[in-house]
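Undergrad: Below you will find the structure I want to go over with you.
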C-alpha cells in the first residue's frame, strides 16, 4: 500500500515522520536520506548519520554566520563570533532540535536508550546537523536558511547578544566564588576521533566534587556545556 498525502498537505499522512516534517517545514523526497539522518552510530548499521553530520556542521556554520552578518550589521567580529558560538554548538543545536521534537524520532541503540541517549546534547545536536545536511542535499541552501530562521524565531524570544549569548563558565565562576569561595576546575576525561573530527569529554569539579560531564567538538565547547549543567544544578539557570 502506497503512502498517501492529504489533499491540502505535502506531507505523507501515514509516514512515521509526517509530524516531524510538518514541524520542520520540509518533506523529504527520499525518506531513506531522512532515515539516515536520524540513525545514530550506536545502532551499528552500515548507514548512520556521521557523514551527514560532517556536512551539516559546515552548512549550518555558513547559514548562521551569514544570518548574523546581515542581521547585526552594527556588531564587530568579536560580538558576531560570540553570537555564532552560542548557536553553533551542541547546546545551541539541541535547543533548535527540541523545537521540532527531534529526540522522538532518533534511532539509537538499546544501551543509549537506557542511558537517556535521546536527551544527550552530543547525540541530538549531531542528528540536527545531519538533518539539515539532508535538507541541503535535496533542496539547497536557501531552504536551510528559511528553516533555521524559523527555528531561531521559535526557540528564542529575542535574537540579540544580551539574550542569546551567555558565557556559562564565567557565570559559574562568579557564582561559586560567591557561594563557596572557590572556582570550578575542569578535567579532560576522554579525547577521540581523527584530527578533523575530534570529540572531547570534560568533567567539572567544585570543591573536589564532580558536578557535570559533557562532550563537545572542542574542549571549550565541552567546558561550556559542563558549566551550563552545573548552573542548572545550582538553580542559577532555569
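Our numbering is plain: 1 for the first residue shown, then up by one each step along the chain.
Placed from the backbone N, Cα and C atoms, the Cβ positions cover glycine too.
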Undergrad: Pick the one from 35, 50, 53, 221 that Swiss-Prot also lists for the Mg(2+) site with 126, 129.
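TA: Given 126, 129 bind Mg(2+) in Swiss-Prot, the matching entry from 35, 50, 53, 221 is 53.
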Undergrad: Across all protein chains in the structure, which of the recorded positions 53, 57, 129 has the highest Cβ count within 10 Å?
TA: 129
Undergrad: Does anything in the same chain, at least 6 positions from residue 126 (Mg(2+) binding site), have a Cβ under 8 Å from its Cβ, and if so what?
TA: 40, 49, 50, 53
Undergrad: Quick one: DSSP breakdown of the domain 'DRBM' (167-236) into helix, strand and coil?
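TA: Secondary-structure composition of the domain 'DRBM' (167-236): 31 helix, 24 strand, 15 coil.
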